[in-house]
Amino acid sequence: MHKHYKLQSHGPDVISHTEAQTGFDNESDYLVQGFLPSNSSGLDDGAELKGNMVELLRRSILYIEPVDPVYWCGALRKCEGRILPCLRNHLMVLGLLVFESTVHRHQLYFRLHNSLKPPPFSIIFQGITRQHLDHGILPCIKYFINFFFYKFGLEVLFQACSFNVIGQRMDFYALLHSCALLAVLSRRRRKAIGEVWSKYCTFTAGLMVLQYLLCIGIPPAFCVDYPWRTAVHPLSSNVIKWFYMPDFAMKPNPLFIFYDYLLLLCSSLQWHVFEEENRAAVRLLAGDNVEISRSLDPCSFNQFIPVDNFLHCRCYLDMVKVFVFSYFFWLVLCLIFITGTTRINIFCLGYLVACFYFMLFGGSVLMRPVRYILRLWDWLIGYTCFVIAMKNLLSLGSCAYLDSLVKNSCWLIQAFSMFCTIKGYDVRKCLRYCLGCDLFHCPLGTKEGLPQLLFPLCGV
């Protein structure tokens, strides 16, 4: 870095004179030559170091401009005279806290003034309990507004973890989240999941704090670069981005922490639900969350149903129940079939096998013992989590080492349909005039993607 500033102080005439003597094409090439060690082993190492230093000179804040330590400390000077727009997010958070405190104090005063007891559960519609769920469409909607997260919060959280966190990131920490999801789902029963839920919340909170520290990094005023940039074999920006490592040229995306925050928020709410569902007052108000016994026979279910037979469709709510309990099974099979046919790879083969297995037996599968039915769905859910984890792991190759895989392991790209779905990576673009691996970045169903289906082999 000292060589860089020394060269800049001489002005453009010195650089032009140096180019005339050395034959370098531009200033970056001449500066990079000063950074390269004299004992570089081989042309490949020299080219790798040169490419790394060219990228640093173009993008790293250590080399493109003088470093101001106030930016790292987060002072108001970074607002550049526009303090109010810079504090907009802080003012929004402060306004929400004031609004929440005002509403809470108003409700507390109203209850004390009218000698009312606070409800045992935070609800919106008073007087709506589990007994009102089957009284019509409107009471059913009110009940689920009050207790939707109490009933389906665990499922919502798993969806948020899969789509919002893992699907939006596809990096090393998304791989850790997918492994944690596998560990939690391996408990199977709701009660067993509730026993380890505190550990899962601690894991999510610790991971978020760690990523926050990585986004801060070391102060650039120290003028010291990270070791993965100054090593003999430096890491590329794509690898640094995938591992979410601090860097002055490829900074970690702080938006990913927001996804983890939403997951931590839902996890904390679910932790509260696990504690509340053990209270008798909450069970009387919202119903229990006890799982069905695995030893029951489906033919004897009518003995345990607390409501009247809804197959006669006496009201619109009965029609909704008939649709959910009669056709939702086939709707799920349609989604599995679409998942298996959207792309052609080894993972989709498992979804097709599962779909055709359920379609082979049809509705008779639902008449099997409960233990048998749940075992089939547990295998399907476990396979889905395994595919999510493997796709996260393979995203390292598709986002960081795609060029080398295209040259040496094209069969791997074809077999697992590897492509980078996250923005910010420097990957090869879709070459519309080539077949094989390069065409795998073209969407299926297009004219350019047709040879992918006809000639799936590499180099054809």
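Each residue, glycine too, has its Cβ placed from N, Cα and C.
Lifted from TrEMBL, the feature list:
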type     : residues : note
DOMAIN   : 298-429  : domain 'Piezo TM25-28'
TRANSMEM : 200-222  : transmembrane segment
TRANSMEM : 255-274  : transmembrane segment
TRANSMEM : 319-338  : transmembrane segment
TRANSMEM : 344-367  : transmembrane segment
TRANSMEM : 379-397  : transmembrane segment
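Confidence over the domain 'Piezo TM25-28' (298-429), given as mean pLDDT on the 0 to 100 scale, stands at 82. Here the transmembrane segment (379-397) has long-range neighbours at 162, 166, 170-172, 174-175, 178-179, 181-182, 185-186, 239, 242, 336, 347, 350, 354, 405, 412, 416, 418, 420-422, meaning same-chain residues at least 6 beyond its ends whose C-beta is under 8 angstroms from one of its own. Residue counts for the domain 'Piezo TM25-28' (298-429) under DSSP, helix first, then strand, then coil, are 103 helix, 0 strand, 29 coil. Nonlocal intrachain contacts for the transmembrane segment (255-274), taken as residues 6+ away from its ends with a CB within less than 8 angstroms of a stretch CB, comprise 149-150, 153-154, 156-157, 160-161, 164-165, 168-169, 171, 173, 177, 194, 197-198, 200-201, 204-205, 207-208, 211-212, 215, 244.
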